Amino acid sequence: MKTNSTNSTKVLYFTLTAYFDTGLFKYLYFIIALSLYAFIVGSNVLLIVVICVNRSLHEPMYMFLCSLFVNELYGSTGLFPFLLLQILSDVHTVSAPLCFLQVFCVFTYAGVGLLNLAVMSYDRYLAICYPLQYRTLMTMWKVAFLIAVTWLPRFLVVVIITSLSASLQLCGNIINKVYCDNQSIVKLACSDTTVTNISGVIVSALTIFVPLTLIFFTYVRILKVCFSGSKQTRQKAVSTCTPHLVSLLNFSFGSFLEVLQSRFNNNNVPNMLKIFLSLYFLACQPLFNPVLYGLKMSSIRKSLRNTQCISQRLLQLLWKF
């Protein structure tokens, strides 16, 4: 719906056209989506609690992991409650303020996720290449600073980008996706988008290339140390870097799919494939990371078992009372 005046076009809501009528199957899709969201929340919260309550895990690597899990909760919460409502709804519209709020969540989630992975690679670089100096190089104050740098600047930048998009005059309200994203809204503009486009390109370039450059540099140095070091050094590098690399590859693949959808016309793509591509970026990483780190890292597995044993003992004591 639009209200027109002489100088502006005010969009009150957006219509999401990637949804289609599934009949009674919508209840099945709702249960599947709800189950996925419950698993994401449960697994990420569990690992955050395990890291926070176990003093043995109060190390830089696990603090960065905790930040990563918080971001997965943040990104998935920006999608799933909205998605669950849309699945049950017969009219797939979203108010403009809620749409821009989702744009803000998606934009910040993407940037924070990649920066967090870059900081984790820097931490592994110091641990493997400078093991004797690691404690002095990576203090808890430095950890807090790096986590703050990962989150705060991204929020400020996205506030500016989202404000620029919200100020545009729009000539339509059709978004060909299952959720709102910035590029889809900019495509609807009938006013000059030069400032918005240039700002978006600069922010995207900095968001992608700066973290990737840091990751590339750190892993070149790590590989150099591994090839020239002992077998024990190689084993340590493999055990700590493998989950990070797999997570990075999965995140990069999801980001690539998101960029393809945002920048190119996907009207000829089948609906089910379009929905899968839209959801992969915001759903698979939050599902993937807790399983990856929870299963792969022995210290987290051990802490999970200890936590389970303590919980069982508490339940037994409560049962006796």
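The backbone N, Cα and C atoms fix where each Cβ goes, glycine too.
Features as listed in TrEMBL:
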- 27-50: transmembrane segment (TRANSMEM)
- 43-293: domain 'G-protein coupled receptors family 1 profile' (DOMAIN)
- 62-88: transmembrane segment (TRANSMEM)
- 100-122: transmembrane segment (TRANSMEM)
- 143-164: transmembrane segment (TRANSMEM)
- 198-220: transmembrane segment (TRANSMEM)
- 241-260: transmembrane segment (TRANSMEM)
- 272-295: transmembrane segment (TRANSMEM)
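If you look at the transmembrane segment (272-295), the same-chain residues 6 or more away from its ends with a CB under 8 A from one of its CBs are 18-19, 36, 39-40, 43-44, 46-47, 65, 68-69, 72-73, 75-76, 78-80, 83, 106, 109-110, 113, 176-179, 243, 246-247, 250-251, 253-255, 257-258, 260-261, 266, 301, 304. Same-chain residues lying 6 or more positions outside the transmembrane segment (198-220) and placing a CB less than 8 Å from one of its CB atoms are 110-111, 114-115, 117-118, 121-122, 124-125, 154, 157, 160-161, 164, 182-183, 186, 241, 245, 248, 255. Long-range contacts of the transmembrane segment (241-260) within the same chain: residues 110, 113-114, 117, 120-121, 124, 128, 181, 208, 215, 219, 222, 266, 277, 280-281, 284-285, 288-289, 292-293, 296-297, each at least 6 residues beyond the stretch ends and with a Cβ under 8 Å from a Cβ of the stretch.
Only residues 6 or more beyond the boundaries of the transmembrane segment (143-164), in the same chain, are considered here, and those with a CB under 8 A from a CB of the stretch are 60, 63-64, 67, 100, 103-104, 107-108, 111-112, 115-116, 119, 122, 182, 195-196, 199-200, 203, 207.
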